[in-house]
């Protein structure tokens, strides 16, 4: 019996080795391709942003930004009535955080520049060289540990003075301000930064800042929100127009002045969600397409094709600004080298244009008459979570990447944010937060979906987990935790969650598989 068992084991091992190495021996590219589609230059990283991480409020010449003012004036709008004056103090603890990155084995780190550290008053004041010095030291420290900086020029925070002087993104002057910021950053950091993005999630920033008014500058009108100023059916599109042209200005500066010598690439980051028609009716299918047009395509179509989506033009008419012939030419010659995709969740979509529809998120004109729902009847769109906007639906992520692949052929993509949020309830213990099995389940499912999309032909070049650390999560304050590392809000001590070890092992496993392929 023992000999028979040994014989069976030998046969099984031979079969496995033949399966792995025996097929297509003449082409190493095919070996283990079913196991790991990640190429050798694929970026595995974590993501952050200046306001959510740095802290160091007004330190070393930093000025007030829009979120400083918003959180100080309106603490009641933040779930825990907090702000990011201290945040997780990465400004002073970045060397410790780079050690955590090294533990994970990531080869890239996505962070953003604090506009207020570099240009406290925009073009109305001087460059703050203490801010330049900080980012130079930070970038050098990352590179010394083999971690590539992946830098966002602006992640929603900007000098409050620009809001006070000319209403920031509602004014074309903001294009000049942003171009000036970009030029300074390329000049001082571009010899080491090879991956740039201009704006983070302009579509989400526009919706929350100018449509519903939940984010600064808190502008909106009924029925979209309750604000003291603003017009939800015109201002989001005016601000978007200026953001898109500001992006093009920054890209043009990089491509004409710096790219040839610095040999980097530049793109933009948008928020995406998968929108699944709630039924097989043509009306709901068309509504799902409108939902995409009024969300991610709103930004991506202009920066890639130089025009707004047809669905937006048809519904909004003259409320949607038009690009001049010169602006179209500038957009065409300032085409992004890649796009960054932030993705967390999915929704069912119900038509509200030709059908009777309840009021709710997405149901009105400026949203495309496409109602967003988390369930149809008793069936939910994936697994619902304690975070009201996040639903676990890896299949939707797979569909989203294929949709982008088909709409923007051959455009390289980076998954610049993807992660799972734990809502900290009064009864939640630190032990429960550290034992984050639900986050592991989420990441495993979404990374599997990513691999499937890459096998389908999606040109994805990197994946960044949101986030390295628990941090200030906007209106949720510190009550929603996205980090691979737990942060004690009193001591700021960083402690690895189970997901940190899981991600470390995942990276090691796929890098090792890659090495087998490359060396075979």
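Using the three backbone atoms N, Cα and C, a Cβ is placed for every residue, glycine included.
As annotated by Swiss-Prot, signal peptide applies to 1-22, with the evidence given as sequence analysis. The N-linked glycosylation site annotation in Swiss-Prot covers 3, 226, 378, 435, and the record cites sequence analysis as its basis. Under the heading beta-D-glucoside binding site, Swiss-Prot lists 52, 155, 200, 201, 344, 417, 466, 473, 474, 482. If you look up Swiss-Prot, you'll see 201 marked as active site, proton donor. Under the heading disulfide bond, Swiss-Prot lists 220-227, 352-357. Positions annotated as active site, nucleophile by Swiss-Prot, on the basis of sequence analysis: 417.
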Which one is closest to residue 52 (beta-D-glucoside binding site) in space, judged by CA to CA distance, out of the recorded positions 220, 352, 357, 417, 435?
417
Around the beta-D-glucoside site recorded as 52, 155, 200, 201, 344, 417, 466, 473, 474, 482, what other same-chain residues have a C-beta within 8 angstroms of the site's C-beta center?
47, 49, 342, 467
With neighbours defined as other CB atoms within 10 A, the best-packed of the disulfide-bonded residues 220, 227, 352, 357 is 220
Find the shortest Cα-Cα separation between residue 226 (N-linked glycosylation site) and the recorded positions 201, 344, 417, 466, 474, and name the residue that gives it.
474
Cα distance (Å, whole number) from residue 474 (beta-D-glucoside binding site) to residue 201 (active site, proton donor)
14
Of 417, 466, 474, which is closest to residue 220 (disulfide bond) if I measure between C-alpha atoms? They're all recorded positions.
474
How big is the gap, in Å, between the Cα of residue 474 (beta-D-glucoside binding site) and that of residue 352 (disulfide bond), rounded to a whole number?
30
Cα-Cα, whole number of Å: residue 378 (N-linked glycosylation site) versus residue 357 (disulfide bond)?
18
Subset of recorded positions (344, 352, 357, 435, 466) lying within 10 A of residue 417 (active site, nucleophile), CA to CA, in sequence order:
344, 466
Residue 227 (disulfide bond) versus binding-site residues 200, 344, 466 - nearest by Cα
200
Given residue 352 (disulfide bond) and residue 466 (beta-D-glucoside binding site), what distance in Å do their CA atoms have, once rounded to a whole number?
33
Fewest-neighbour residue among recorded positions, criterion Cβ within 10 Å, set 52, 226, 378, 435
378
Pick the one among the active-site residues 201, 417 whose Cβ has the fewest other Cβ atoms within 10 Å in this structure.
201
Counting across all protein chains present, how many other Cβ atoms fall within 10 Å of the Cβ of residue 344 (beta-D-glucoside binding site)?
23
Chain-internal residues, separated by at least six, CB under 8 A from residue 466 (beta-D-glucoside binding site)
46, 47, 342, 344, 417, 418, 419, 482
Surrounding CB atoms that lie within 10 Å of the CB of residue 474 (beta-D-glucoside binding site), all protein chains
21
